[in-house]
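Now, the feature entries from TrEMBL:
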TRANSMEM  12-35  transmembrane segment
TRANSMEM  218-241  transmembrane segment
DOMAIN    243-297  domain 'HAMP'
DOMAIN    319-518  domain 'Histidine kinase'
Amino acid sequence: MNLSKKTFLYSAIISGTIVTLMISYFVLMIPSLYVDYIKKLNFESIKAVQANYLRDGNYTNISSRNLSGTATIKVPMEGNSIFASNMLGSIKINIDDEELLKIIEKIRYYSENPESINEEDKESFDFSKFKKKFFNNDIFKDNPPITFEVLEEEKVTNYKKVSSKINIINENFVIYEYNVADNNNSYTTYMAISRDNGDIIISILPIMNPEIGEIRPIIFQSLPMIIAISLLIILISTSLFSRKIVNPIEKLVKHANFMKSNTNYYVEPIEVYGEDEIAVLACTLNELYSKLNKAFNELEEKNKYLLHQNERQEVFLRGSSHQLKTPVAASLLLLEGMIDEVGKYKNTKEYLPKVKMQVLSMSNIINELLDASKKQEEIISNNIKIESIITESLLSHEIQLKLKEINLIKEIEAVEIISNSEILYKMIDNIISNSINYTPKSGNIKIILSKDSFKVINYGVKIEESLLPHIFDAFVSSNSENSGHGLGLYIVSYYSKLLNYNVDIRNIENGVEAIVYF
């Protein structure tokens, strides 16, 4: 999923969560909060009515949530009269019935001694007799239990008509709706009128309408909590979402900084999770680093090869110039002596062959240098029988072997390998030539060929221990009279690297062993 889809999904989840939270809050919490608020409002309203009546003794300055349904009764501590007041005025009620007077006396007593009241006393307030007597059809004919006396009329609250509407339910059923309002509240009176079997049925329902202002404080009271929870959800979810995006980017930045300071251009690949743009970028960087690392390694190998070539050329230039100086100088001296006919050099037949030997020595040095300079990319491998290469090399040295009366011991297996025949011949030939050159007259040479190695052991000789660490360097040779120009083993070592072979020369008991590992 790409980043745009992730962002859209994140926004949808956050919006859905907040909307669900608000709906749940309004459905589950607002009704109970509203009921609790109305109870507190009614409680404060009756407190205000009582306090204003105690201060003024009338309803002139009293305001109530339902003023038309509010009334106050004053019971004097003496006498048989009580007083009732509301928004319409005040009346005096004279009580002449003995049973009603007893109830009034109990009220007076317990108002002065509230600690005396108990459950039994509560049951003594039996109003059933009062109801029975008060609602007797004949009670008001001759001797009524109570009489009323209007003391004063209050200023009646002005009701203003707001609206009216007739709702026709069916042809025999009509509901008349009448809406009025005073300074504090609005009221609706419903009058239902129906015809039934020739009779007219009328039902009346007066109610006080709830005000929109009653719910507004609940909403304002709830807003801080709703805002706080919403912000908390947004902050937490945004933090988690941003870390989900930022963490991989920071990882890429650290990886790039590491690569910038890395000298070998090798680093573990970046772990890739997901399929968004950041994951694609990580994969691209992994591919880039892999290619850079490969190019760097190739460049390193080429640099090493060029460095090796430069060092080798430098050694060749120094060594060849030094090595060629001796035969050139000797040849010049011999030629000058013969030209000037100085002393024994008059005998040109004797000394011209010596000049030829010096020229041939220079020619051999030059040829070996040219062979050693052969480039690696010129190597072509094919199937080779090593036994035939050994035989060919021994034939080329047959005269030397006979002149030195060397005893040759051969343990040769039939081995075929894939390699370059020309280079392998020069390696084997140089080892055999070197062995013949350093083996004393009538000495023994042993040649062993197996599947994984080629060995030449010449007995009766030793290599100076000081020369062993440098035995494969160019122009390194012993001080013996049979020593050559010091390029043979260097060429063997150089060619072994081209063919990825290993070469080792070491002293053994009563001899020297040269080994080539295929």
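Cβ from N, Cα, C; glycine included.
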The transmembrane segment (12-35): which same-chain residues, six or more beyond its ends, come within Cβ distance under 8 Å?
214-215, 218-219, 221-222, 226, 229-230, 233-234, 237-238
Could you give the residue numbers and ranges of same-chain residues that sit at least 6 residues beyond the transmembrane segment (218-241) on either side and whose C-beta is under 8 angstroms from one of its C-beta atoms?
6, 10, 13-14, 17-18, 21-22, 25, 29-30, 33-34, 37
Mean pLDDT for the domain 'Histidine kinase' (319-518), rounded to an integer?
80
